[in-house]
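What TrEMBL annotates here:
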type    : residues                                                       : note
BINDING : GLY307, GLN308, THR309, GLY310, SER311, GLY312, LYS313, THR314 : ATP binding site
COILED  : 5-111                                                          : coiled coil
COILED  : 147-209                                                        : coiled coil
DOMAIN  : 223-552                                                        : domain 'Kinesin motor'
Amino acid sequence: MKIKIAELNEAISNLRMTISSLEEKIAKEESDKLEAVECYRKEKEARNEAEQMNVSLTTELEKVSNAKLAAEQKASQDEATKAKDILAIELKCLRDELKQIRDDRDRQLGQVQSLTGEVAKYKEYTGKSSEQLGTLTAKTSALEEVCTSQRQQIDMLQQQLSAEKEKLKIADLSHSETRTVFEDQKRIIGQLRERLEEKEQQVIEGESLRKKLHNTILELKGNIRVFCRVRPLLPDDGPATDMVVSFPSSTEALGRGVELTQSGQKYSFTFDKVFNHKDSQEDVFTEISQLVQSALDGYKVCIFAYGQTGSGKTYTMIGRPGPPELKGLIPRSLEQIFLVSQALKDQGWKFTMQASVLEIYNETIRDLLSPTENPGKKYTIVHDANGKNTYVPELTIVDVCGADEISTLLQKAAQSRSVGRTQMNEQSSRSHFVFTLRISGVNENTEQQVQGVLNLIDLAGSERLSKSGATGDRLNETKAINKSLSCLSDVIFALAKKEDHVPFRNSKLTTLLQPCLGGDSKTLMFVNISPDPTSTGESLCSLRFAARVNSCEIGIPRRQTSTKLSDPRLSYG
């Protein structure tokens, strides 16, 4: 028994030594496990950094793609896109490998926990056979091999991560080069835009100087300025392909020339300005705004529209109700007068303005602002002693202080004006419409006084009886209109030939316009043209008449700055 006990004690000692050895191995395995966990943590941090770098790389690649697209660097963009796709594929592979390693780690942790439980059981049952110890030893060896394999995989992933970092550096360098090229091209584009704006400004200044010199020459010559406006084709006209009016594009005639084709023959005309069918009301007013402002400077200004029925005279002068862009020259001119007069208050100027509106209907003057209807009342035209100013006694004169009051007066006058329906125009003006604004200004600082007059006239349209189909009252109106316009032609021809006698008194219209046509007024005529092929004859007559008007010299405009006009009633001079 003693021998047996000694052998058992020796066996126990051996087992204890074996257990100590196993505990050391288990401690070492736990240390290795902690190292594996630490390596996993580092690996996770590296993966997060790789993901962050991937996000940053993706953002940078998108910026590079946009910059290359703006700089039209398509080849570089394709390379960057391919690099991005390759990196995305490699990153996906890395993520798959990391997921596999994570799964292996979780499985190994479970195995370590299971092994730890088995060791605890072994400690409690020290009497178990050595076969179990061998099994544990085998499992431990297997775990060691797995850990070694994982270390190798981690080393491989670290090498791949280093390679990806190198690729990122190369991509950053490519992005920097592309951005430099883009900035250079952007700077060049900015310089070209600045040069373009500078050239455009020079063109605008040159055109402004040309207009100013042209107006100065005309004022020195005393010529009547003539603007031509061609209205667009209307639904009642012929098709657009039959348009008989064209506009030359040569440098000399651009914006000043118009051509009319009749029976295969082309007639060319040149005026101070030509507006085509695409020009707006604002475009037209911009050209005459300086002339309108001359009335505030103390000049006599007269603007009248001439043309056949339906050519757009009333639309040009008065416009249409509705949107502001449809307003004609009369409301726009008056708005500018009041706007500028308010601005001149800072320079000590104080202006008073009086307005009147009349029409010449069947050689009879009618007061369109009269508070009471008096169709039988007769008005006369009176000239002052020197013949430079004309007025109509007993005509209603209204003091105005703003554009709103003028708008109300124009509406009232338009409702009172004579209109009628003909075969050429649904709303044909059957009278000559004359709006007059007299302006008196005093500078309280210099005591300088100015007196200006602004006459804005919408003439009735010329028409042929065969086309208008006028009968009854319309027939009498047509005869009166054509007679007054014929008298206007006689006056223009006499002025052009510089005859000693000019027949101003042959009609009420020419008598009223005498100061504008034969005095020291700044006068502008709009000749309105219809592009309708059926109106070619009337349009040609209108253009020929306008060319004759353009050649008339009526005297140099003079500014009235000395004293107030003797007659308090409104002057048409």
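Each Cβ is built from the backbone N, Cα and C atoms, and glycine gets one as well.
TrEMBL feature annotations superimposed on the structure.
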residue : record           : Cβ within 10 Å
GLY307  : ATP binding site : 29
GLN308  : ATP binding site : 26
THR309  : ATP binding site : 25
GLY310  : ATP binding site : 27
SER311  : ATP binding site : 29
GLY312  : ATP binding site : 21
LYS313  : ATP binding site : 27
THR314  : ATP binding site : 25
